[in-house]
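Features of the protein shown, as given by Swiss-Prot:
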BINDING   Cys24  Zn(2+) binding site
DOMAIN    24-143  domain 'NTR'
SIGNAL    1-23  signal peptide
SITE      Asn37  site 'Involved in metalloproteinase-binding'
Amino acid sequence: MTPWLGLVVLLSCWSLGHWGAEACTCSPSHPQDAFCNSDIVIRAKVVGKKLVKEGPFGTLVYTIKQMKMYRGFSKMPHVQYIHTEASESLCGLKLEVNKYQYLLTGRVYEGKMYTGLCNFVERWDHLTLSQRKGLNYRYHLGCNCKIKSCYYLPCFVTSKNECLWTDMLSNFGYPGYQSKHYACIRQKGGYCSWYRGWAPPDKSISNATDP
């Protein structure tokens, strides 16, 4: 079993079954939570890949060209390789080589960066302007706040450091408007609330503030 399998639990990613009956299941995560809970957050382009171990628990190693680091300077100032399970049923991540720039998040284990399907990984050109601004500084400002998931009504915040995340209630599903356009940031008086960046006003989201 590779070191990544031990990290799967920490990343809220479960492997169900065994061999032929495996599945990867991930809990929804707001990009800000993904940012704050990751050891490493970078923008990079994949320039190569190699399978370093054969068999059902093979490991894919991607060679990357790091464009920018948003989080993790003290743990790993420069990332050249990222590791993931070879099988998608074990939460392994499939990335295109020499095609796109990606936003990559992950954990550091024994000096190596590991990532997978349960991490926040997205093509850079698919990120909204608000998400890009969040990566630069807004998400970091909100790491002391707590984003509380709401899967069904009624649901409420229970402390002043919480923002209620209601994307899962939307007919459009996840990722929704709050994921794409909002950060949960501590405001005056010590209360955390949703902060809207580049997106137009949305009256359906309560306790949101303009920049």
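Yeah, the Cβs are placed from backbone N, Cα and C, and that goes for glycine too.
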Item checked: Between Cys24 (Zn(2+) binding site) and Asn37 (site 'Involved in metalloproteinase-binding'), the C-alpha gap once rounded to whole angstrom -> 20
Note to self: Need one number: mean pLDDT over the domain 'NTR' (24-143).
What the structure shows: 94
Margin query: Give me the long-range Cβ neighbours of Asn37 (site 'Involved in metalloproteinase-binding'): same chain, 6+ apart, Cβ under 8 Å, in sequence order.
Written below: Ser29
Check: Looking only at Cβ atoms, how many others are within 10 Å of the one on Cys24 (Zn(2+) binding site)?
Finding: 19
